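Below is one structure, written out as structure tokens, with a few remarks after it.
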Amino acid sequence: MSQRTRLSVNVNKIAVLRNSRGHGAPDVIRAASACIDAGAHGITVHPRPDARHIRHDDVIGLSTLTRARGVEFNIEGNPFAEPRAGYCGLLALCRETRPHQVTLVPDGDQQITSDHGFDFAREGPGLRPLIDEIKQWGCRVSLFVDVNVTGLADAAIWGVDRIELYTGPYAEMHHAGCSDAVLREFATTARLAQDVGLGVNAGHDLSQTNLGVFLGAVPDVLEVSIGHALISEALYEGLIPTVRRYLDILDSVNPAVSMR
């Protein structure tokens, strides 16, 4: 069975806008539902310990929505961030909701956004038991990684299903008009992952401007997770039309790719 690269819409920024006024508008669940209406294949959230955007009740509501609508739910986050008041911890959230995919990300509490991937040599021993636990819940496990990451074969042995390529460096180079070299590095990393049986996702600073070029150069990307750019563009174009524009890019660039 095969499919084109899938689009998972990150709705964190909807929650940022809602939280800025302290009430329920805009409604995160309604926004996610609109994205699904437009054809999005999944919804992504990245809850933070400080609840700066997505909150526990959002995760529960989105889990219910995605299962009812038959699309994937992807929860991202740092598995090493300690639980605290208002945040039960990433693993507890995933245990409760059993998302289709859990993407582990090594971000610190004070980071504005994710900006690097895991160092497998240093962090692998801590990740392995967490991967085992998450897999027991029936969730697919993806690890957020930098281009040129080493240790992909080890990740496959640990039971990791996919990696998510951190595409921030590509977006910067594309904006500067000099992305050819870094695209070759991303393509090489993707092939190395696929050679050891890992599926490849991608995300961070992807936009309508740079997505097509990336997918044209990097082979067999299974899923892109896009939030900030998509929500920003939707302010001008509308949410449903914007999601459809991204789907048009996926359809125009990608032949069908094998699912892993």
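Even glycines carry a Cβ here, placed using N, Cα and C.
A sphere of 10 angstroms centred on the C-beta of His46 (active site, proton acceptor) encloses 22 other C-beta atoms. Annotation comment: Swiss-Prot describes His46 (among others) as active site, proton acceptor, evidence class sequence analysis.
Summarising the annotation, Swiss-Prot assigns active site, proton acceptor to Glu76 (among others) and lists sequence analysis as the type of evidence. Glu76 (active site, proton acceptor) falls within a strand when secondary structure is assigned with DSSP.
Annotation source Swiss-Prot lists active site, proton donor at His204, citing sequence analysis. Mapped onto three states, the DSSP output places His204 (active site, proton donor) in coil.
Sequence-distant neighbours of Gly227 (3-amino-2-oxopropyl phosphate binding site) (same chain, six or more apart, CB under 8 Å from its CB) are Val9, Asn10, Val11, Asn12, Lys13, Thr44, listed in sequence order. What Swiss-Prot records for Asn10, Arg21, Asp205, Gly227, His228 is 3-amino-2-oxopropyl phosphate binding site.
Sequence annotations record features per position, and here Swiss-Prot assigns 1-deoxy-D-xylulose 5-phosphate binding site to Arg48, His53, Thr113. Non-local contacts of His53 (1-deoxy-D-xylulose 5-phosphate binding site) by the CB criterion (under 8 A, 6+ apart in sequence, same chain) comprise Asn12, Lys13, Ala15, Val16, Asn19, His46, Pro47.
For Glu164 (site 'Transition state stabilizer'), applying a Cβ distance below 8 Å and a minimum sequence separation of six or more within one chain yields Thr103, Ser142, Leu143, Phe144, Val145, Asn201, Ala202, Gly203, Ser225. Taken from Swiss-Prot, the feature site 'Transition state stabilizer' applies to Glu164.
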Secondary structure at His53 (1-deoxy-D-xylulose 5-phosphate binding site), reduced by DSSP to three states: coil
Cβ-Cβ neighbours of Glu76 (active site, proton acceptor) (radius 10 Å): 26
Sparsest-packed among the binding-site residues, when each Cβ's other Cβ atoms within 10 Å are tallied, from Asn10, Asp205: Asp205
Arg21 (3-amino-2-oxopropyl phosphate binding site) versus Arg48 (1-deoxy-D-xylulose 5-phosphate binding site) - Cα distance in angstrom: 19
Listed recorded positions (Arg21, Arg48, His204, His228), ranked by Cβ neighbours within 10 Å, top entry: His204
